[in-house]
Structure formats: structure tokens, C-alpha cells
């Protein structure tokens with residue numbers, strides 16, 4: 001597999017940034033690149049997306065009508081025309097490098113061109129609360145399996161199999177680790193600082209989760225308690241169930257944090273409990289947007305505020321009022337009938353059998 005495109009292809013800052021600002025917490029920048037070969041077509045599809053923390057900010061797709069690096073966040077749109085031109089050219093160069101790497105990998109693994117194959121890469125950097133590099137990443141995969149990755153020292157590689165060892169030897173001979181380290185410690189950190197400043201209203205906000213617990217009967221003797229956290233940012237959150245103060249991590253069902261589509265996230269954790277023991281379980285929520293961790297319990301539905309006997313009494317009173325009204329109407333009509341004669345009296349008796357329509361019929365004289 002040939003040497004990957006130099007990491008210095010990212011647009012460099014025109015001037016050095018002073019790394020003295022203190023951030024609310026740790027932050028990260030990641031680029032995820034994927035190339036998929038397609039039998040019968042010369043060019044594989046290449047897709048690249050960039051993230052700052054949990055926010056996608058750029059995207060490139062070689063299958064687009066006019067392939068270009070495109071903004072996915074408002075705060076990056078303020079970058080000038082030169083930025084987008086350089087980023088587009090860099091992505092296109094990576095697409096060609098990945099195309100060559102796919103062909104090379106076929107030889108390494110003795111595979112034919114009849115099938116579809118995939119190369120993936122993730123590169124990026126983490127900043128600590130002090131704004132300095134916490135960790136750098138450069139990881140590669142082939143057909144969904146680890147291939148080669150840069151070690152935490154940013155000076156050496158770990159190859160996952162014999163084929164990857166060929167790449168490792170090539171990269172060591174070309175001092176690829178040194179160039180990658182220079183990008184991670186320099187360009188990556190500088191651009192992440194720039195993005196955090198330009199998008200601080202979005203990237204450095206902390207929206208606390210909206211939380212509640214739901215109850216779902218499983219059988220006559222068991223129920224599921226589900227602890228919900230909705231609408232929070234950033235995505236990092238901890239949900240834990242406890243029984244009488246002891247963690248129930250082994251017995252929990254926990255879903256991965258999911259985007260809600262509006263820039264926030266959601267997550268839930270569930271535990272199965274014996275019916276009648278729900279009060280022994282508490283859900284504990286920790287998130288950057290909370291002033292302190294939350295403790296939640298399932299609260300059974302409250303009893304009706306009006307007692308049953310009160311409802312019965314009200315219904316009885318209403319019944320008496322309606323009955324009295326009907327009796328009064330009938331007596332009034334009988335009295336009117338006696339005054340006006342026989343033929344109308346017969347009509348009145350006939351109408352009286354229509355119940356609540358009596359008064360309406362009486363008006364049709």
C-alpha cells in the first residue's frame with residue numbers, strides 16, 4: 001500500500017495562534033475518510049466528513065454533481081474562497097491516493113477485482129482543558145478491520161496483520177510518522193483552536209438534558225424502568241441505575257448516544273425490576289450542562305384528586321336535576337294541553353315519547 005497523502009495538505013494558518021485560552025473542557029477534531037471500490041467502474045466512491053466535537057462541519061462526496069468540500073455548519077461558512085478551494089483540492093488528492101491504495105491492497109490480500117472493498121481512515125487531535133494537545137490519532141482500516149494505526153507516542157505504528165506490515169515498513173522508511181506527528185501537534189491543534197473560536201456559540205455551549213423515568217410492565221411480576229435523557233449537548237453523558245445505592249451496570253440495557261436532528265442528543269438506560277420494588281431503584285445522570293448530578297426515581301401515577309364517592313355524589317345530583325327538568329316540562333305541557341283541546345293533546349302525548357326532543361317538537365306549532 002502506498003504512502004498516504006501528506007497530512008500537511010490541510011490549509012495552514014497565516015499566522016501562529018497564541019495557545020493561552022482556557023476551554024470549558026476537552027475538545028476534538030476528526031476527519032473520517034472512506035473509499036469504496038465498485039466493480040465495473042474505474043473510480044471508487046470517496047466520502048470525507050469533518051467533525052469538531054460532536055458537530056459535523058464539512059463534507060466531500062466524489063459522487064456529487066460537482067464534487068467540492070462543502071460546509072455543514074454556519075460558523076465555518078465565514079472561511080474565505082481560498083479555504084474552500086484548498087480543501088476541495090486536498091480531498092480530491094486523497095480520493096486518488098485511496099484509489100491507488102485499494103488496488104494495492106488487492107495484491108496484498110490476493111483478492112480479485114470482482115468484489116467491492118473499502119478503505120477507511122480517521123485522523124485528528126484532542127485538546128485538553130488547557131488548550132494543548134491531549135492525544136493524536138491516525139488510524140486505517142481495510143474491509144472493516146483494523147489495518148494500521150499510529151501509536152500514542154506519535155512516533156511508531158502498529159500493524160494488524162502481515163499485509164499491514166508491508167505498509168508499516170514503507171511508512172517507516174519514508175518517515176511518515178514524523179510528518180503525521182507534525183500535522184497533529186501543529187496544524188490540527190491550530191485549526192481546532194480557530195474553529196472553536198469561530199463557532200464558540202455552538203461548540204462551547206452546554207445544554208443540560210431533559211430527564212424522566214418511564215415504567216413498562218413486562219409480565220405479572222416484572223417491569224422495565226427506562227431512564228431518559230433528551231436534548232443535551234455535548235454528547236458526552238453518563239446514565240447509571242442503582243439498586244439500594246449499588247450500581248446495576250451489569251444488568252442495564254444502555255443504548256448508544258444518538259443525535260436528535262437539531263444539534264442535540266438523546267440516550268436512555270433501562271433495567272428490569274420485580275414489580276413492587278421500583279422504589280428501590282434510582283437513575284443517576286451526569287452531564288456537563290448540569291450544575292450537579294441528577295437522581296431520578298419512577299413516580300407512580302398520582303391518585304385522582306376527586307374521590308370516587310365524590311364523583312358518585314355529583315352524578316347523583318346531576319341525575320336528579322335532569323329528572324326534575326323532565327318532570328317539569330311534562331307537567332307544563334300537560335297543563336297547556338288541557339287548555340287547548342283534544343287534537344293538540346294527542347300530539348303532545350305522541351311527542352312526549354321522544355324524550356329530550358319534547359321541547360323542540362312543542363315549538364313547531
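Note that Cβ sites are derived from N, Cα and C of the backbone, with glycine treated the same way.
As annotated in Swiss-Prot, region 'Connecting peptide' covers the listed stretch 299-308 rather than the other ranges in 299-308, 309-318.
According to Swiss-Prot, the listed position annotated as N-linked glycosylation site out of 110, 262 is 110.
Of all the Cβ atoms in the protein chains shown, 26 others lie within 10 Å of the Cβ of residue 188 (disulfide bond). Summed and averaged per residue, pLDDT over the topological domain 'Extracellular' (25-308) gives 95.
Reported as a whole number, the C-alpha separation between residue 125 (disulfide bond) and residue 283 (disulfide bond) equals 33 Å. Rounded to the nearest whole angstrom, the C-alpha distance between residue 227 (disulfide bond) and residue 188 (disulfide bond) is 38. Applying DSSP to the region 'Alpha-2' (115-206) sorts its residues as follows: 39 helix, 29 strand, 24 coil. Helix first, then strand, then coil: DSSP counts for the region 'Alpha-1' (25-114) stand at 31 helix, 27 strand, 32 coil.
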